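Q: Sharing a structure here in structure tokens format.
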Amino acid sequence: VSFILFLIQNLWIGAMNPRGSNRTTILPSKNQTKLANGETEVHHRPKRGWIWNQFFVLEEHMGPEAQYVGKLHSNSDKGDGSVKYILSGEGAGTIFIIDEVTGDIHATKSLDRERKTHYVLHAQALDRNTKEALEPKSEFIIKVQDINDNAPKFPDGPFVAMVPEMSEVGTSVLQVTATDADDPTYGNSARIVYSILQGQPYFSVDPKTGIIRTALANMDREAREHYTVVIQAKDMAGQVGGLSGSTTINITLTDVNDNPPKFPQKNYQLYVPESAQVGKPVGKIKANDEDLGINADIKYSIINSEGANMFSISTDRDTREGILSLKKPLNYEKKKSYTLHIEGMNTHVDPRFSYLGSFKDTATLKITVGDVDEAPVFSMDYYIMEVYENAPIGTEVGTVTAQDPDIKNSPVRYYLDIKEEGERYFKIDESHGIIRTIQPLDREDMPWHNITVMASDVDNPSLLSHVPATVQVLDVNDNPPEIATQEEGIVCESSRPGQVIQTVTAMDKDDFANGQRFSFALPSHLPVNPNFTLKDNEDGTASIIARRRRFSHLTQELYELPIVVWDNGEPSLSGTSTLTLRVCPCQRHGRVRMCQGEAFLSSAGLSTGALIAILLCIVILLAIVVLFITLRRSKKEPLIISEEDVRENVVTYDDEGGGEEDTEAFDIIALRNPAAAEELKFRRDVRPEARQHCGPPRTCQSPALELDEVDVHEFIKQRLVEADTDTSVPPYDSLQTYAYEGQGSPTGTISPLDSPGTQSEQDYNYLDDWGPEFQKLAELYEEAESEIMT
């Protein structure tokens, strides 16, 4: 085939170049003239031509010998071999070779136009002997001649396309484009024609543009959804011998609403127990639609009144089922079956397909109501009863009735809900439902009672029904009226006879019918009140009127006025209330000037709020003073004044002694009894116990009289040694002072330091032995002790 193409190519080149354009062409110069017949007239001194046209070489040459390209020739070549031709440039010496003597050019390799379309070379003619250039270096081009060696290709295949079902013939689906690497400017190698290899008779393709269109009307997605189309692209304008390529297009028909919903069957049956709850689903029904997505959405409805009154239907968006629910309770005893006409209709209808008919369907559903053992049903949903307060125990309040709705009509038992508060006041007859009181009722304590009555079948006590009942306690006139206020009334000292002192009202715990109309009067069994009288205003109020002038709070400050109040109930009740009237000085127009404790505040010009503020300030100041004194007492000054020298320092105490009553400051017994001091060497903070030696009655002696006579100088010296050797004291000298009264008095000391702890244990009779000067003192002590004991 390549050889035949080569021959055809050479023949075509020869036809295009009848005179051999691959040879040197001497173009007209300034010394030549081109005649009208195409010949050239040479003038004197002609100039040789060294200008080259293009050379052509066929691509993909597969012959055994090198392919002849063309010939170089110079006008200086006489054919004696004196001219040497030289070739340089792209591919010179490797792809293209030249005969140095003849100037013939050959291609030694097979060329591919799709890789390189042309080569640029340079030619030169030299004198073989002198090496001089006979012709200047000239540039020329060798163009690779194209052959049809590349098939068309679809770079983007395979393809996926979609088209709506039921589309008209000629509806555009997709455009495909193929490419050919051959030269589109040379021959028909790149001229492509499209054709369909697979997909007929459903689709067609435009031969020139590659547009794929529908070729069959009313293609139904529900019948066939996917199609595979193979398109071929062929070069050489589709002629025999042209190369071709193909691609695949997967076409899917998209859905349109061209199918109405259909119920699988026309009649359905459903069993629903009468105990089914209102609003809860009781069944499902579904119509099928072959379409997809929103085209298959269905709305269900009940089109007959019998079914629409008792049932409702809705659409489940996920399953597209009709969900049937109850609108009202079922009652097997009243109606045992229902017939429903259900319609299913598309919600999105395409008007283009209205000619196919209505997009809806109907079905009949027969519902059978099942009998269920039910709880008793009360005759009313709510009971309101009345009973008078204070009615005798066992008084009938009302009656509730319930009946078993089932066919067997079982007997009913009644109960009161034990959780309700009303059980403390009422009871119910189990067989007849009569409610009675079990204790007296007080309207003023609880005017309404809410109870719950329960009823159950005797045959099935677990089935209970409840009904609320309200008992209103009716009023009887059992509460006497009384004055509404308990506050004191004010009587001005300047009151005049006939002046209204105060207007009083009454109140009654009974209701409006018996307790809101009152009559007032002063007690008839009491003498006439000389100070005040009472006027009934006949509007539920009464006025207290002064009967004299000039009241004085200094003479009498308080007056008590009893008032009798009647109501107009049946029977009428009365009550007596005592109103306290206080006399107070008043300013003009009856304004009270001062009364009781208010006089102090009024005279001082201070209000209650100001007095509270002053007291609060005083409390704060006292708290500050107490805090200051406490902090000052708790402050301790250091025993050592100077920290530099801790030796021979005098410790200063700013405490004042308590005199002879201060028995805790120093133990003076240690001064008079060194033997006892030896035992208290390290416990000087503990006062030694003083023992009394009593003889006959009234002859107790002081311990100081029995102390052994000791040399005081020896005692002080001994104490000094103890102080020097004592390791429990601080490392500084201490000053100890001892006051010694001495001895010699026959009566001993009278200091209270050695006296007994309590006065009740003291016997003062021994003072008589001290002389007449102490008798008076003994009498005084005995009188004081007798008064204390008394």
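Cβ coordinates come from backbone N, Cα and C, glycine included.
Pasting the relevant annotations from TrEMBL:
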DOMAIN    74-154  domain 'Cadherin'
DOMAIN    155-263  domain 'Cadherin'
DOMAIN    264-378  domain 'Cadherin'
DOMAIN    379-483  domain 'Cadherin'
DOMAIN    483-600  domain 'Cadherin'
TRANSMEM  610-631  transmembrane segment
REGION    740-760  region 'Disordered'
COMPBIAS  744-760  compositional bias 'Polar residues'
Q: I'd like the per-state residue tally for the domain 'Cadherin' (155-263) from DSSP, helix first, then strand, then coil.
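A: Here the numbers are 3 helix, 45 strand, 61 coil.
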Q: Could you give the number of helix, strand and coil residues in the domain 'Cadherin' (74-154) as assigned by DSSP?
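A: Across the domain 'Cadherin' (74-154), DSSP assigns the residues as follows: 0 helix, 39 strand, 42 coil.
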Q: Under the DSSP assignment, what numbers of helix, strand and coil residues are found in the domain 'Cadherin' (483-600)?
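A: So the domain 'Cadherin' (483-600) is made up of 10 helix, 51 strand, 57 coil.
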Q: What is the three-state DSSP composition of the domain 'Cadherin' (264-378), stated as helix, strand and coil residue counts?
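A: The breakdown for the domain 'Cadherin' (264-378) reads 16 helix, 51 strand, 48 coil.
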